[in-house]
Amino acid sequence: MKQYLELCQRIVDDGVWIENKRTNKRCLTVVNADLTFDVANNQFPLITTRKSFWKSAIAELLGYIRGYDNAADFRALGTKTWDMNANDNLAWLNNPHRKGEDDMGRVYGVQGRSWQKPDGSTIDQLRKIVDNLSEGIDDRGEILTFYNPGEFDLGCLRPCMHTHTFSLLGDTLHLTSYQRSCDVPLGLNFNQVQVYTLLALVAQITGKKPGLAYHKIINAHIYEDQLSLLRDVQLTRTPFAAPKLIINPKIKCLEDLETWVTMDDFDVIGYEHHEAIKYPFSV
């Protein structure tokens with residue numbers, strides 16, 4: 001929590017007001033933020049200064065792992081995070097590539113599991129990474145990226161947290177995740193849970209020990225309609241100790257994540273938190 005709160009305070013104190021054309025709102029903004037999560041010692045980075053709905057964040061990550069491209073599939077997993085971007089984003093609603101209600105297009109997990117090649121075939125980036133790591137191989141290119149500028153017009157949203165690089169040192173697996181843009185009051189709560197959980201899951205299914213997860217954010221911002229709640233409410237609260245994430249040990253391989261795993265296979269213990277805060281969401 002300390003590094004999260006320090007980032008929030010840094011934005012409040014040092015941020016610059018930037019007009020965001022997509023949302024027609026101003027954002028208090030800083031550039032370059034680095035967070036580190038201790039997965040080895042199960043220090044789960046769940047926000048305690050407000051109630052956090054961690055299951056929705058992990059459900060979204062599971063949808064990415066499965067390569068889902070439809071908001072209905074995410075809802076079936078237990079998260080509504082894609083409903084607004086799929087169905088209320090005016091630019092996407094007017095996009096001729098949109099296939100209909102709940103369609104997200106070629107975003108996030110679609111790119112991670114089915115990156116289009118010029119010859120019409122596809123690359124399964126995640127499969128390659130898992131196969132290599134399972135064999136103890138780190139080719140210095142164990143990279144999962146969702147950032148495909150050539151297909152931005154085929155999806156409802158450019159990826160915010162866009163690239164994950166796995167590094168194997170001995171039998172310990174580390175992760176570095178890159179995020180171009182972060183809505184700190186709302187998005188970071190989800191994003192840091194996903195960075196942590198992605199390393200924990202990939203380490204588990206490849207038989208490696210989890211190490212550290214490094215979360216690198218380029219543009220960290222607070223929307224103008226979120227500022228008072230963050231500054232005058234959340235930042236006045238005393239944080240609690242970090243909880244622990246429990247993952248079903250029966251999850252052994254990528255196919256398990258693709259097929260039978262549900263939110264019932266995850267639990268959080270020792271989670272103390274303050275009351276929820278309803279921050280505005282900008283589409």
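Keep in mind that glycine also has a Cβ here, set from the backbone N, Cα and C atoms.
Straight from Swiss-Prot, the features:
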ACT_SITE  CYS160  active site, nucleophile
BINDING   ARG22, ARG180, SER181, CYS182, ASP183, ASN191, HIS221, ILE222, TYR223  dUMP binding site
BINDING   ASP183, SER282  (6R)-5,10-methylene-5,6,7,8-tetrahydrofolate binding site
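Shown here: features listed in Swiss-Prot, placed on the structure.
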residue: ARG22; record: dUMP binding site; Cβ within 10 Å: 11
residue: CYS160; record: active site, nucleophile; Cβ within 10 Å: 18
residue: SER181; record: dUMP binding site; Cβ within 10 Å: 18
residue: ASP183; record: dUMP binding site; Cβ within 10 Å: 23
residue: HIS221; record: dUMP binding site; Cβ within 10 Å: 26
residue: TYR223; record: dUMP binding site; Cβ within 10 Å: 21
residue: SER282; record: (6R)-5,10-methylene-5,6,7,8-tetrahydrofolate binding site; Cβ within 10 Å: 17
Listed recorded positions among CYS160, ASP183, TYR223 whose Cα sits within 10 Å of SER282 ((6R)-5,10-methylene-5,6,7,8-tetrahydrofolate binding site): ASP183, TYR223
Cα-proximity to the residue listed as 'active site, nucleophile', 10 Å cut-off, over binding-site residues ARG22, SER181, TYR223: SER181
